[in-house]
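K.L.:
Before I ask anything, here is the structure I am working with.
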Amino acid sequence: MASLAARNGGSQRDQRPLKKRLADASAPYLYSAPALILIVTVMLVPLVLGISYAFRDIQLLKPFSGGFIGLDHFRTLSQDQNFYRALRNTLWWTGWSVLLQFVFGLILALLLDKPFFGRAIVQALVFLPWAVPSFLAGLNWAWLFNPVVGPLPHWLFALGIMSEPNNILSDPQLAMWGPIIANVWWGIPFFAITLLAALQAIPRDLYEAASIDGAGPVKRFLSITLPFLAPTIAITVLLRTVWISNFADLIIVMTNGGPADRTQIVASYIFTQAFKRLDFGYASAIALVLLALLIIYSMLIVVLRQWLLSKD
Amino acid sequence: MAGHSLTKGRVVALLAHRLAILAYVAFALFPLYWLLKVSVTPNKLLYSEGIRMWPSQTSFEHFDFVLKHSEFPTFFKNSLIVAGSTALIVTALASLAGYALSRFSFRGKYWIVALMLLTQMFPLVMLVAPIFKMLSPLGLTNSLTGLVIVYTAFNVPFATFLMQSFFDGIPKDLEEAAMIDGATQFGAFRQIILPLTLPGIAATLGFVFTAAWSELLFSLMLISGNAAATFPVGLLSFVSKFSIDFGQMMAAGVMALIPACLFFLLIQRYLVQGLTAGAVKG
C-alpha cells in the first residue's frame, strides 16, 4: 500500500519505470479486490451487524423495535429449556453423524484403494450422493421412512426391529436417527474421497517390505496405514465436526425440529427463530453463543495438539 | 509371493471385498432408485404396490403434470439462472484472486487468506437475519439478483483456494517467457495461463453450480413469492401444501437431480483437489 501512496508524490522525470513499478506493486491488490470487496460487504459486515443484533430488540413484526437492550436476550437464553435441549441434540446429532460417516468412509476408502475391474465406475456411483442437493437428500430419506410410499418401515417391521411399520420421523424417541442416517448417506463420500487421497499417497514399497518381514494385513494396517492416515483423519474429523454441527438443512427439511423439538439442533433453532418467529435479535443472540462454543472447541483442539506435541 | 495363487483364503477375501463394494453401491443408489421408481408409478398403483421393487406398470403422468400444470418449470428456470450466474461470476472473481494468491507475494496476503478461512469457519446461519435486514431496503429480497449476490460472496473464498491450487500446478516460467517477449502480466495471465487452467475452471464452475443449486436456508429466508422461488423453496412449499401427491413430488425431485448429476460428472475427476482445497466446505 505504501507504493500506492507514492503515486501522488511521484516525480515527473522517472515516470515510466515508476508507473511500471506502481502497476506491479498494485497488481495483486487489483486481482483480489473484487473478491475481497464482496466478502467484506456480504459476509463480514453482516457478521458484525449480527453480533450487534444480539444486544438489540429486533423483531420484524414489531415496527418500533430496534433499541439496545443489553444482555436481556442472554438472560432469556439462560432460562430457555428449548435451547438446552437443542444443545444436547446438537451433540447427539454431530457425534453420531461424524462417527458413522468416518467409519463407513474409511472402510469405503480402504475398499477402493486396491485396483479392481470397474473401479472407476464404482467410484463414480458411490460418490454420487455427495452431488445430491441436501434438500433433496432430506426429502428423499423422509419419503423412504414414510410407510405410505417408503419401504424402510415395512422392512424394519418384517425384520422384527419395529413392532409396527411406523414412521420413525414422528416417533420422539427415534426421530433423530432419520436425519442422522440421511446425513451419513450424504457425507460418506466426503470422508471416503479425502481418506482415499491420503491412502494413495502412502509409498507402496512400505507394504511390500512389511509383508516380506511377515506382517499380516492387520499388523500392516495398524503399523503403516493408520499412522500415515492419522493427520488427515484428525484434520478432517475436526473440520467436519464444526461443519456438521452447523448443518441444519436435513433437519429443517425432514422434521423441522419436531416431533416435540426432539430433533431441534442449535443451528435449526436459530433458523426457526429468524424465519418463523422473525425475532432477529434473539436468533442472533443464540448464534453468538453458538459461535463462542465453536471458538472454544477450536481452541481446545489447538491446546490439545500443542500438549500432545510437547509430550512426544 | 505365495499369496498370488488362488488359495481358499484369497478367494474368501476377494469375495468379501466384492460383496462389500456391492453393499456400498446399493446403499448409495437405493434412495435415488426409489425416487425414480415412485416418480414413474401411476397413481392407481402407488398404494397397492407400495413396496414392490418395480411397479407392474409405468407411466410418465407425474412428469407430464409437473411440466405442464405446475410452477416447477419456473422454479427450475429460476434455479438455473441463479446457479448459472453465481457459477460464472464466482469463477471469474476466483480466478483473479486465486492468481494473485498463487503468483504474487505481497503485503496483506496473509490477512486475505486469514479472512477467507474465517468466512469458512463461522456458521452461515448467523448471517440469515442480518443479510435479510440489509437486502430488504435495497429491494433485493424476493429477487434472483439478491440471491446471486449472496451466493457469490459465500462461494468466492472456497473457489479462490481451488483456483489457486490449479494455478500452483502451472510452472511460472510460462508467463515469465511471455513477459520477456513483451506481454504484460495481465496479458500473460489471460492468453497463456487461463487457457491452461480450463479444466480447473470447469471444475470450479461445477462445484459452485452444485453448491448454489443446493442452497436452502437463504433462499427460504429471502424468497417468499412463487415468482422468484428457486427449486428447493418451490419443492418445500409444494410438500407442505399437497403432501399427498407423492408421485408428482418425486417427479419434481428427479428434475432437481438432473443438473446436479450432470455437473457431478463434469467435476468427478477433480473431487479430491476440490475437497482438499475446501476441506471445510460440504
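Every residue gets a Cβ built from N, Cα and C, even glycine.
Predicted automatically and left uncurated, TrEMBL annotations should be read as such.
Just lifted these from TrEMBL, have a look:
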- B:76-267: domain 'ABC transmembrane type-1' (DOMAIN)
- B:12-36: transmembrane segment (TRANSMEM)
- B:80-101: transmembrane segment (TRANSMEM)
- B:110-132: transmembrane segment (TRANSMEM)
- B:144-167: transmembrane segment (TRANSMEM)
- B:188-210: transmembrane segment (TRANSMEM)
- B:216-239: transmembrane segment (TRANSMEM)
- B:251-272: transmembrane segment (TRANSMEM)
K.L.:
Please give the sequence-distant neighbours of the transmembrane segment (B:80-101): residues at least 6 beyond its ends with Cβ less than 8 Å from one of its Cβ atoms.
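P.N.:
Tertiary neighbours of the transmembrane segment (B:80-101) are 109, 112-113, 144, 147-148, 151-152, 155-156, 159-164, 166-167, 189, 193-194, 197, 201, 204-206, 208-209, 212-213, 230, 259.
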K.L.:
Answer with yes or no whether the transmembrane segment (B:251-272) touches the transmembrane segment (B:12-36) by the criterion of at least three Cβ pairs under 8 A, sequence separation 6 or more.
P.N.:
yes
K.L.:
Can you work out whether the transmembrane segment (B:144-167) touches the transmembrane segment (B:251-272), with the criterion being 3+ CB pairs under 8 Å where the paired residues are 6 or more apart along the chain?
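P.N.:
Answer no, regions not in contact.
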